[in-house]
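The structure appears below as structure tokens.
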Amino acid sequence: MLSRSQDKTMTKPISPLLPIAYSKEVASAKQRGAPLVALESTIITHGMPYPGNIEMARSVEAIIREQGAVPATIAVIHGTLHIGLEAAELEQLAKATEVMKVSRADLAFAIAERRTGATTVAATMIAAARAGIRVFATGGIGGVHRGAEESFDISADLEELARTGVIVVCAGAKAILDIPKTLEVLETRGVPVVTYESEEFPAFWSRSSGIRSPLSLNSPAAIANFQTVREQLGIDGGMLVANPVPEADEIASEEMEIYIERALDSAERDEVTGKAVTPYLLSTIFDLTDGQSLKTNIALVENNARLAAEIAVALGE
């Protein structure tokens with residue numbers, strides 16, 4: 001059970017009914033005008049097992065600090081929206097077993113019912129924007145699931161990218177998804193998709209999906225400038241920055257496709273649906289790859305955190 005930490009700086013609620021708490025580090029950064037990078041918490045609670053999840057979370061936060069920015073891991077704890085977690089809270093969240101996975105549809109529910117919830121990409125974007133944080137680092141976004149023409153399973157992440165003005169740095173859409181359809185939805189919704197230092201859109205564990213990226217840029221400063229001009233033009237919505245996993249850590253896309261197909265077949269046999277699909281597939285792929293998928297996942301998250309911090313610093317220059 002997560003304890004109620006007293007080591008927090010309570011701030012004026014975003015609205016009269018919404019309790020929000022900034023960690024001391026984040027509150028200090030906001031006061032100084034220091035660059036901030038938002039981090040989701042679902043990757044901690046639903047993405048990998050303990051203690052690997054807490055080690056990854058600490059490493060990612062340290063990487064952001066090394067680049068001159070401040071990490072802000074976002075979660076709902078006992079109905080309070082936390083922007084930044086103290087060390088003890090991060091540890092407790094990593095060990096917790098009964099944590100909601102909250103998106104746009106149920107973020108308010110978790111707060112209203114005083115639940116504890118880990119934020120998805122969509123929920124983290126909402127919280128980051130409310131807190132004035134312009135950059136967010138994650139592993140991979142959700143998107144259009146394979147077979148969506150029958151299941152209609154499409155992640156709320158795509159709609160959030162069209163609505164909320166946050167730069168999301170990721171390693172592309174998760175490769176378990178239908179990447180071409182995911183990119184089509186993003187194009188339809190007017191979301192700019194920029195691949196960093198590559199002409200090809202990445203596929204999470206693999207550096208290339210075989211699909212040409214809509215846009216590409218080669219420096220954090222160029223990405224920051226692009227977003228600044230969008231804001232000056234009054235263009236709503238976020239930007240997706242796809243950062244290919246380091247070459248030394250990737251799993252070839254041809255090899256990954258074999259594992260993904262096996263995992264999808266298993267999910268169909270077990271009749272897995274809804275929010276349970278992605279965690280199930282990731283867990284199955286972990287087993288099929290003898291843990292290599294998790295090692296690659298950690299490497300790409302760390303790589304994304306580094307780029308996100310560089311972009312956040314560039315936005316402040």
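Cβ atoms here come from the backbone N, Cα and C positions, even for glycine.
Feature annotations, reproduced from Swiss-Prot:
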- Glu40: active site, proton donor (ACT_SITE)
- Lys101, Val121, Ser155, Ala156, Asp157: substrate binding site (BINDING)
- Asp153: Mn(2+) binding site (BINDING)
- Lys174: active site, nucleophile (ACT_SITE)
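Everything Swiss-Prot records as a feature, shown here on the structure.
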residue	record	Cβ within 10 Å
Glu40	active site, proton donor	27
Lys101	substrate binding site	19
Val121	substrate binding site	26
Asp153	Mn(2+) binding site	19
Ser155	substrate binding site	24
Ala156	substrate binding site	17
Asp157	substrate binding site	28
Lys174	active site, nucleophile	25
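Largest Cα to Cα distance within the recorded substrate binders Lys101, Val121, Ser155, Ala156, Asp157: about 13 Å as a whole number. Take the Cα of Lys101 (substrate binding site) and measure to each of the recorded positions Glu40, Asp153, Lys174: the nearest one is Glu40. The distance from the Cα of Ser155 (substrate binding site) to the Cα of Glu40 (active site, proton donor) comes to 16 Å. A strand conformation is recorded for Lys101 (substrate binding site) in the three-state DSSP classification. The record gives Lys101, Val121, Ser155, Ala156, Asp157 for substrate. Within 8 Å of the mean position of their Cβ atoms, the other Cβ atoms in that chain belong to Ser103, Arg104, Thr120, Ala122, Ala123, Ile141, Gly142, Glu160. Among the recorded positions listed here, namely Glu40, Asp153, Lys174, Glu40 has its C-alpha nearest to that of Val121 (substrate binding site). Of all the recorded positions listed here (Asp153, Ala156, Asp157, Lys174), Asp157 has the Cα closest to the Cα of Glu40 (active site, proton donor).
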